[in-house]
Amino acid sequence: MVAAAGTMELEILGINFGCVLAALADAKIPEKDCLLPLASKLLGYAIVAASTTVKLPQILKILKHGSVRGLSVASFELEVVGYTIALAYCIHKGLPFSAYGELAFLLIQAIILVAIIYYYSPPMGTKTWMKALLYCGLAPTVLGGKIDPALFEVLYASQHAIFFFARLPQIWKNFMNKGTGELSFLTCFMNFAGSIVRVFTSIQEKTPLSVILGSAIGIVMNGTLLGQIVLYQKPAPKKEKKRD
């Protein structure tokens, strides 16, 4: 804690608690300009922490049933590409970790999820192996920022379309099947809630408009999937009463 011009300063992980402590010490309610940035940072780190388990319910559901029934492989593959581009862009722009940290954990889980889906899907053909090898060859270059800055901007602009189209195959498959198969409600709910909170934190962190737009698209698409799970949920069969 450092005293500076009569103001208390207490910074932990980039979060400044000084103005709040100063206001509370004077028995006053902290001002909005003090509370909003603090809330943004705390929510940002909460999203990062929660992101470590976002896709775990989906992974466990597949492993429990040994099935990928109703899941669109293309949706999950495009997710991996989108997370890779988004993470690389945020690192390249030097944004604070609280503004994008969840992308790192989501990418790791998305890769594991795709591997599990491949395992439980029909035998992998040459096309699937080529896609996997192409990703492994290009991902380190993109994440390392070893590409032209102009191309980086184009890639990041395209990742919004990638995330949009990543959800479409799954949404369409749900619509055609009138069911959501092994799609996890909990994972979709956490994705939806995380997108809402990330819009707020992105505005407070003054991130580029394109980052905010990506979260807004996430709200719409994840909200649609969540609505489908609720809409197509089949009621549990009623147990027959035993007759005497």
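Keep in mind that glycine also has a Cβ here, set from the backbone N, Cα and C atoms.
Where the annotation comes from TrEMBL, it is an automatic prediction and has not been curated.
Per TrEMBL, the listed range annotated as transmembrane segment is 180-200 (candidates: 54-74, 138-158, 159-179, 180-200). Of the candidate ranges 23-43, 212-232, TrEMBL annotates residues 212-232 with the feature transmembrane segment. If one looks beyond the transmembrane segment (180-200) by at least 6 residues along the same chain, the residues whose Cβ comes under 8 Å of a Cβ in the stretch are 40, 43, 46-47, 50-51, 54-58, 61-62, 65, 67-71, 102, 170, 174, 212, 215-216, 218-219, 222-223, 225-226, 228-230, 232-233.
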